[in-house]
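Visitor: Straight from TrEMBL, here's the annotation block:
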{"type": "BINDING", "residues": "HIS10, HIS12, GLU101, ASP210", "note": "divalent metal cation 1 binding site"}
{"type": "BINDING", "residues": "HIS139, HIS162", "note": "divalent metal cation 2 binding site"}
Amino acid sequence: MVGILLADSHCHIDMLPSPREAVERALKNGVTHVLTNATGSGSIARSLGLSRMLGEGKDAAAVKCAIGIHPGNVLKMAAPELESAFLEVEHGLPQAAAVGEVGLDFKYAKTQEQRALQESVFGKFVSMAQNAGKPVVVHARYSETRCLDILEEMGAERVQMHWFTNSRKTAARAVSLGYYISCGPIILSDVQSAEVVKGIPLESLLLETDAPVQFLGEVSEPSWIPLVCKKVAELKGVGFDEVARATSRNFSRLFK
């Protein structure tokens, strides 16, 4: 185990073949906390179940969960399904650490009607999080500015901008709003994403894997977090331990 404690602020361990074994490997690599995110109706129950089963973290990383509907999945659901999902999230929120993964994805929402639907659903989830006193885990693809507009208009305060790869200017706006930004394994190989991370203050930064996303043919998992931490340290010219302490502290503050 590495000497300093780490946290994976965004992954989907319910999609891994053996979630328990994955978080056991994470602990061996110094990753003591994991936030697994639901993406659809089926994964809400799975994510809640994993947080109950692995929440204490005695022999593996402690698992918290965020529950919500991924914006890509919103477009696949009929109105009754969406209403049922809202109720499922609302019912499960007392046991969850956050609302997520929710947001806007304009890669899939091509028409104004589709984008309006995603925005409506996103707004409902943000409101739900505010009413429950929970943070929001935001997915924003080709929609970062619009997501920030909605969050600012609604007065959202506790926010994680997940897998942020947009620009330093947009990142600076998110930071000015008091939001946290998470970076993942993409910074190991993508120069533009790495440059964005350079401009994000450590006090606003989180680490993530987005497991089981694949990189170079390998399935990622929470045990990869030390690799991300090491890269951030290199980019910022600081020590590994400094990044680990700061990002773990940020995780604890956001996901109380």
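Glycine residues also receive a Cβ, built from the backbone N, Cα and C atoms like all the rest.
Automated prediction, rather than curation, is the source of TrEMBL annotations.
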Visitor: If I take the alpha carbons of HIS139 (divalent metal cation 2 binding site) and GLU101 (divalent metal cation 1 binding site), what is the distance between them in whole Å?
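Guide: Cα-Cα distance, HIS139 (divalent metal cation 2 binding site) to GLU101 (divalent metal cation 1 binding site): 6 Å.
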Visitor: To test your reading of the divalent metal cation 1 site: which residues beyond HIS10, HIS12, GLU101, ASP210, same chain only, put their Cβ within 8 Å of the Cβ centroid of those residues?
Guide: CYS11, THR36, ASN37, THR39, GLY100, VAL137, HIS139, HIS162, TRP163, GLU208, ALA211
Visitor: Fewest other CB within 10 angstroms, which one of the binding-site residues HIS10, HIS12, HIS139, HIS162?
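Guide: HIS12, out of the binding-site residues HIS10, HIS12, HIS139, HIS162, has the fewest neighbouring Cβ atoms within 10 Å.
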Visitor: How far is it from HIS10 (divalent metal cation 1 binding site) to HIS162 (divalent metal cation 2 binding site), counting Cα to Cα, in Å?
Guide: 7
Visitor: About how far apart, in whole Å, are the alpha carbons (Cα) of ASP210 (divalent metal cation 1 binding site) and HIS162 (divalent metal cation 2 binding site)?
Guide: 9
Visitor: Measure from the CA atom of HIS162 (divalent metal cation 2 binding site) to the CA atom of HIS12 (divalent metal cation 1 binding site) and give the result in Å, rounded to a whole number.
Guide: 13
Visitor: With every protein chain in view, what's the tally of Cβ atoms within 10 Å of the Cβ of ASP210 (divalent metal cation 1 binding site), excluding that atom itself?
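Guide: Summing over all protein chains shown, ASP210 (divalent metal cation 1 binding site) has 22 other Cβ atoms within 10 Å.
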